Amino acid sequence: MGMRLALLLCVLCLVVSHTHAHGSRRDLGRSSAEQAVSTSPTTCPAGLGSGNKLPLVHRLSPCSPLGSGARKPSLHETLHRDGLRLRYLSKVQQAAAAAPAPSPSATPASGLSVPATQNVISSLPGVYDYTVIAGYGTPAQPLPLYFDFSGMSNLRCKPCFSGGGAPCDLAFDPSRSSSFRSLTCGSPDCTELCSSTAPCAFTFQNSTFVFANGTVVTDTLTLSTSATFEAFAVGCLQLDNMFIGHDGVAIGNIDLSRSRHSLATRVLGSSPPGTAAFSYCLPADTDTHGFLTIAPTLSDYSNAAGVKYVPLVTNPSGPNFYYVDLVAIAINGNDLAFPPAEFRANGTMIDAQSAFTYLNPPIYAALRDEFRKAMAQYPPAPAFSDLDTCYNFTGVDKIYLPDITLRFGNGETMDLDDRQFMYFFREHLQDAFPFGCLAFGAAAEENFLGNLLGSQVQRTKEIVFDVLGSKVAFVPSRCGLR
Ligand SMILES: *[C@@H]1O[C@H](CO)[C@@H](O)[C@H](O)[C@H]1NC(C)=O
Ligand SMILES: *[C@@H]1O[C@H](CO)[C@@H](O)[C@H](O)[C@H]1NC(C)=O
Ligand SMILES: *[C@@H]1O[C@H](CO)[C@@H](O)[C@H](O)[C@H]1NC(C)=O
Ligand SMILES: *[C@@H]1O[C@H](CO)[C@@H](O)[C@H](O)[C@H]1NC(C)=O
């Protein structure tokens with residue numbers, strides 16, 4: 001059958017630039033950069049897709065449910081969200097480290113049973129950047145949802161007890177669905193401690209505050225009119241304080257992690273051999289389109305130009321997350337002086353929700369020092385929170401940036417372009433094009449000292465998650481290049 005969903009993204013992107021190779025350097029035309037964020041008319045997907053298309057939009061896009069009313073986050077807010085994300089990841093890792101290592105045949109620690117989520121889901125406000133319109137229930141109620149690797153899919157459900165960010169009128173209404181089922185405590189999918197006839201209820205809380213509560217339910221998930229998943233389990237949130245301070249675009253998330261209940265796991269269970277779990281493209285420009293594909297056929301990539309395969313590795317400190325085997329970083333062709341073991345020590349996670357890339361602190365310091373040497377001709381600008389390598393480009397016509405290359409354990413390399421490693425501040429300051437920062441920071445969260453590849457560094461490549469084959473493919477030719 002080969003269910004294949006090519007999902008259109010319309011994206012409002014923060015960095016717009018053309019690059020032209022000049023030997024080992026690039027220049028960034030000021031005039032192209034000054035085109036800034038295009039406001040050209042965009043065709044927005046309306047409601048559920050037909051055929052096998054599922055619309056996916058950036059939350060700042062004119063196509064987002066908040067439309068043009070969506071407030072742009074300041075850089076500080078973006079950084080704050082990344083900080084919260086790191087804290088979340090570190091807590092999940094701590095919890096996993098404290099728990100006995102799951103054996104492969106045992107019930108995996110799904111999002112439904114990750115104890116650390118009690119405190120930490122609340123730490124996620126606004127970290128997600130892309131929403132997808134998916135249907136839940138029969139008939140399908142179209143809902144704006146994030147996609148992430150958090151280990152559990154959640155929806156805000158009616159009746160709503162109190163407001164986080166999402167308005168209750170967007171929430172899922174179980175009473176209007178004929179296929180809605182509540183799980184009971186006795187169900188194997190319910191990991192909560194409760195009596196066997198009661199609904200499978202959960203509460204996320206710390207000692208002083210309840211972030212959310214709800215029940216685990218199942219219903220039909222509809223990605224498009226031709227792709228549905230019956231009895232898809234989600235946390236149906238009654239009390240939802242998780243997204244306080246969030247823009248309130250989405251009413252939940254679809255989990256694509258390795259968790260037993262994730263959509264990725266479900267897709268793999270029902271797909272023919274030779275199928276990847278999913279792929280996505282996060283384009284770097286406003287006027288290029290990206291996509292999310294569920295269950296893409298692997299042979300489709302064998303002839304794609306520039307495709308590179310990198311092993312996906314598992315990491316006991318985050319068994320539901322996706323890690324790659326990063327072993328070196330080169331700047332202008334010279335590897336930073338760290339052995340592969342140093343890069344591998346705490347792993348390199350791929351995360352679609354943090355904006356920037358975070359490195360183990362000594363590795364980041366070495367990259368920063370080399371970058372500063374290569375950028376010595378430009379006046380520095382003040383640091384902004386986690387981004388401490390910033391420049392004042394006022395009056396500069398062309399910016400010459402060093403090359404940055406990621407090297408992986410199987411010998412593959414990824415050359416980053418400036419749209420992947422530079423963050424320009426057009427959006428946040430009055431000036432047209434005054435500042436830019438290296439979009440990398442130190443993973444300074446005390447329990448997250450590994451590396452994390454954020455969404456910006458993944459832009460311009462289609463990223464194919466071949467979970468069964470334990471590899472991830474980076475496909476530059478199919479992702480939003482102009
Ligand atoms: C519980 O979480 C709330 C909200 O984030 C926070 O204000 C409070 O300090 C936390 N309590 C403890 C004991 O950590
Ligand atoms: C969630 O909290 C509200 C308000 O305290 C309560 O009325 C409701 O029963 C709780 N729901 C669950 C599933 O625990
Ligand atoms: C950036 O440089 C311009 C031109 O030299 C200067 O006028 C401006 O004050 C600088 N801005 C900051 C924040 O340093
Ligand atoms: C790995 O993380 C632990 C804490 O989680 C830290 O103590 C250790 O220094 C880290 N290793 C490296 C090489 O950064």
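Glycine is no exception: its Cβ is also placed from the backbone N, Cα and C atoms.
Per TrEMBL, the feature active site maps to Asp148, Asp351. Look at TrEMBL and you will find 32-43 tagged as compositional bias 'Polar residues'. Positions annotated as domain 'Peptidase A1' by TrEMBL: 130-475. The region 'Disordered' annotation in TrEMBL covers 24-50. Residues or ranges marked as signal peptide in TrEMBL: 1-21.
The Cβ of Asp148 (active site) has 23 other Cβ atoms within 10 Å, all protein chains considered. A straight line from the CA of Asp351 (active site) to the CA of Asp148 (active site) spans 8 Å. In the predicted model, residues of the domain 'Peptidase A1' (130-475) average a pLDDT of 84.
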